[in-house]
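So the structure is just underneath, and the comments pick up after that.
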Amino acid sequence: MKKFDKLGLDNIKEIFHNLSYDELNAHEKANNEGLSTDNDTFCVDTGIFTGRSPKDKYFVKQDPSSKYIAWGKVNQPITKELFDKLLTKAKQELSGKKIYVQDVFCGASLQSRKAVRFVTEIAWQAHFVKNMFIRPSQEELENFKADFIVYNACKCINEDYKQDGLNSEVFVIFNVEENIAVIGGTWYGGEMKKGIFSMMNYWLPLENKLSMHCSANVGEKDDVALFFGLSGTGKTTLSTDPKRRLIGDDEHGWDDEGVFNFEGGCYAKTINLDPEHEPEIYGAIKRNALLENVVLRADKSVDYADASKTENTRVSYPIEHIENHEPSLKAGHPKNIIFLSADAFGILPPVSKLSKEQAMYYFLSGYTAKVAGTERGITEPQATFSACFGEPFMPLHPTVYARLLGEKIEKHEVNVYLVNTGWSGGSYGVGKRMSIKATRACINAILDGSITKCEFENFEVFDLAIPKALEGVESVLLNPINTWLDKNAYIATRDKLAHMFIQNFKRYEDVKEGIEFSKFGPKI
């Protein structure tokens, strides 16, 4: 108990420190925290919040970190006094109880990883942490010194939020100087995962390393590919490939040695999960995996089509559940980078090759359509721009990440492509979703290098290089104008989307890099 005195909790009944999966499973059942499915996967409800609460996330505004953080709607400031008040409240919630402490690493690179300690009163949240982060060896646990501590007091709410000037009784606060985060009022597991991701996105660029919201895999010839895209654009599905080893499905770093996973697990969407289309993910859902907000049938099997609790049903599992994973969770420098956009307007080509400068432009634009349920209040696709394909998690100015990406693309001669996994033949509601077969053919041509031998033509207004023919993809699909019956509607929609890109990019023109990169976008 003595080594936990620094946590500042009073009268702790018992501390369950770094429990095994079997022990966590026994605690979950004893605490009545959920149900077991027919194949012994534990299944929990996250309560009112089935997605993140981005409007309730804050950073403590104090020096020296305040001069690095890009303050605004994403990175909202909070005072040190208010943080202290809510941390005290959270510690009171966790005091006098039995608690779970889980020690993990974030980052598979020894030179770049951070040691994180999570404190919670819910066994399944400790289980989630064990699944999602890198599980230290016994020796590493014996010498574990936390760089950062997360207090998850999900049962604690802030009734005074109005007089405190906050958005709701939920709070997710990061104190960069004290290396502490506190969570209150939401049980959603993703707050812990994405919270530490936000911190990695603060720490690493200041060490001249790139942090990325992407998935990564590596081929038989050790060729590494990165897939960028927001939730629901196909990152997890497209990077899970039987011919390639999965490095990770969501969060990575890129340092002088190469690419490395931040995590030791995957957090996959399960809505309409089909064993035929996604056998690897389906097969990963077994004992030690943790299902969230799914509906069980009477025989305890999971009804993946049931979205009655949320569209954002999820499963977390240790990456070892994916047979074809890269055991070291790291690899060399990338050969190919793929930006995935689910274009709700049906304008972007299925695949385009980008120059280094265009790569920085489209990386900063982070265009896609928000897909149902990954955030509160979104129920159908809606066009959105999210800097670096992960704006909610980027504490620094987006051009910091873009500059690092550009430097690395140049240094390691990386090919960059933009792939549309969204609509074709018309906008959402008229056109149809790009088939996964066509998208896979585009991805395969990128990964096997055959796309580099194609003849390219210019895609007007956006000035993108698009292939005239590509094996496995109907040629008519390659240039979107050919898929629209109403050519006038196509031209009007194309110009409207180009205008949206131009308008969005103006927000980066507060710094000289932003003005420089703006030259490489669409022109009307």
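Counting starts with 1 at the first residue shown.
Positions of Cβ are set from backbone N, Cα and C atoms, glycine also.
Checking the candidates K61, K194 against Swiss-Prot: the one annotated together with R52, Y188, R314 at the substrate site is K194. Swiss-Prot names K194, G229, L230, S231, G232, T233, G234, K235, T236, T237, E278, R314, T439 for binding ATP. Of H213, H252, H321, H325, the residue it gives for the same site is H213. Close to H213 (Mn(2+) binding site), meaning Cα to Cα within 10 A, are the following binding-site residues out of R52, Y188, G229, T233, T237, R314: G229. Around the Cβ of R314 (substrate binding site), the same chain contributes G189, G190, Y267, A268, K269, T270, L291, E292, N293, each under 8 angstroms and 6 or more positions distant in sequence. When the alpha carbons of G229 (ATP binding site) and D250 (Mn(2+) binding site) are compared, the span between them is 9 angstrom. Proximity to K235 (ATP binding site), defined by a C-alpha to C-alpha distance within 10 angstroms, is shown by the following binding-site residues from R52, Y188, K194, D250: D250. Considering only the residues assigned to substrate binding, R52, Y188, K194, R314, the longest pairwise Cα distance works out to 14 Å. According to DSSP, G229 (ATP binding site) is assigned to coil rather than to any helix or strand. With K194 (substrate binding site) as the anchor, the candidate binding-site residues are S231, T233, T237, and the one with the nearest CA is S231.
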